[in-house]
Amino acid sequence: MTLDLTTTTLPAGDAAAAAAADCLRGGGLIGFPTETVYGLGADAANPAAVARLYAAKGRPSFNPLIAHVATLDAARSIARFDAIALKLAEAFWPGPLTLVLPKASGCTVCDLATAGLDSVAVRIPAHPVAQAILRAFGGAVVAPSANRSGHVSPTTAAHVRADLDGRIDLIVDGGPVEVGVESTIVGCLDAPRLLRPGGVLREAIERVLGFALAEPASALAGNAAPLAPGMLASHYAPGAQVRLDAEDVDPGEALLAFGPVELPGAERAAAIRNLSAAGDLAEAAANLFGALRDLDASGARAIAVMPIPPHGLGEAINDRLRRAAAPRD
Ligand code: TXA
Ligand code: MG
């Protein structure tokens, strides 16, 4: 397994979409923008390509991948939609929602990409560059976030290169992403269940459904399937320690701020990034992973994080921050 590839970067456009499709057809790996985060794409039907993807990412191979497609017809050829799943697809696709559904018979997503489960995660991304690549390629593209396993998700092409240079074939640069946190994952295998908060708000989904989402089933006894996406400890971890709900800044700490910065010790912070000085959660989500990367690169021993409200996109932001703060081995 060679990981000493030459990684080409192309600016988004027709030529880049064609090159990305060629690369996928040849079993190659591409970094490409979606509206949530940059994805690391491979041909979902090609087990050798998917094996290369896991190796490039250094991801434990039991963690299943999301299959990205351009159209609802394509989604229906790989997964079975009941009435509720269809309602969610029609309300939120294309967009930052992933549905975990029963595999359709004839589903082309290889077993390695679904970790042998009889369900499959599907998403139609809204980003025009992702759409162009999917249409040029024609098939499903599996894509985790384009970072090394355990690292912070990439929101720019430069982040992708920092993690995966020499490990993938092509990066399509479509500029910084818009949403900044990954897709919301809803399992539709029994009662619709929120498996991961993300870019589509829980409140918006519940409004469409007309009832509340069930909670993750990770606590269900005896269920060994990886139903708790990204629940690996320190899944989104920067190198520095992360201290949540900080009410002051300790010596040597960097500060991840939200809203007006009035906490004691802020003036001596090793570095400061404000997710949104105006206290806007959408702006904060878009800035989250880049800010964590920047503060980590400052060399501070720890990052103090101001409290972020829990509602709306704050649910996904706090979820990622809790993982970043989780104890590491
Ligand atoms: O926004 C996103 O979702 C990005 C962009 C690139 O689309 N992708 C992304 O992929 O975040 P990844 O691999 O980092 O996270 C996908 C999550 C994993 O935690 C995995 O456990 C879960 O989806 N997943 C995939 N298939 C599943 C299945 N059949 N059942 C339960 N969870 C599943
Ligand atoms: Mg990820």
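Glycine is no exception: its Cβ is also placed from the backbone N, Cα and C atoms.
Annotated features, as they stand in TrEMBL:
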type	residues	note
DOMAIN	14-200	domain 'YrdC-like'
BINDING	Thr36, His68, Arg123, Ala143, Ser183	L-threonine binding site
BINDING	Arg59, Asn63, Ser145, Ser153, Arg196, Tyr236	ATP binding site
Give me the CA-CA distance between Ala143 (L-threonine binding site) and Asn63 (ATP binding site), in Å, as a whole number.
12
So among Arg59, Ser145, Ser153, Arg196, all listed as binding-site residues, which is physically nearest to His68 (L-threonine binding site)? Use the C-alpha atoms.
Ser145
Cβ under 6 Å from ligand 2: which of the binding-site residues Arg59, Asn63, Arg123, Ala143, Ser145, Ser183 qualify?
Ser145
Measuring Cα to Cα, tell me the gap between Arg196 (ATP binding site) and Thr36 (L-threonine binding site) in whole angstrom.
13
C-beta crowding around Arg123 (L-threonine binding site), within 10 angstroms:
28
Rounded inter-Cα distance in Å - Asn63 (ATP binding site), Ser183 (L-threonine binding site):
16
Calculate the distance in Å between the alpha carbons (Cα) of Ser153 (ATP binding site) and Ser183 (L-threonine binding site), and round it to a whole number.
12
Given a separation of at least six residues and a C-beta threshold under 8 Å, show me what packs close to Arg59 (ATP binding site) in the same chain.
Leu53, Pro144, Ser149
Return the residues near Ser183 (L-threonine binding site) by Cβ distance under 8 Å, restricted to its own chain and a separation of at least 6 in sequence.
Thr36, Ile66, Pro96, Leu97, Thr98, Arg123, Arg196, Gly198, Gly199, Val200
Listed in sequence order, residues with CB under 8 A of Ser145 (ATP binding site) and six or more positions away:
Val37, Tyr38, Gly39, Leu40, Ser153, Pro154, Glu182
To which of the binding-site residues His68, Arg196 does the lowest count of other Cβ atoms within 10 Å belong?
Arg196
Binding-site residues compared (Thr36, Asn63, Ser153) - the one with the fewest other Cβ atoms within 10 Å:
Asn63
Other residues with Cβ within 8 Å of the Cβ centroid of Thr36, His68, Arg123, Ala143, Ser183 at the L-threonine site?
Thr34, Gly39, Ile66, Pro96, Thr98, Pro125, Ala130, Glu182
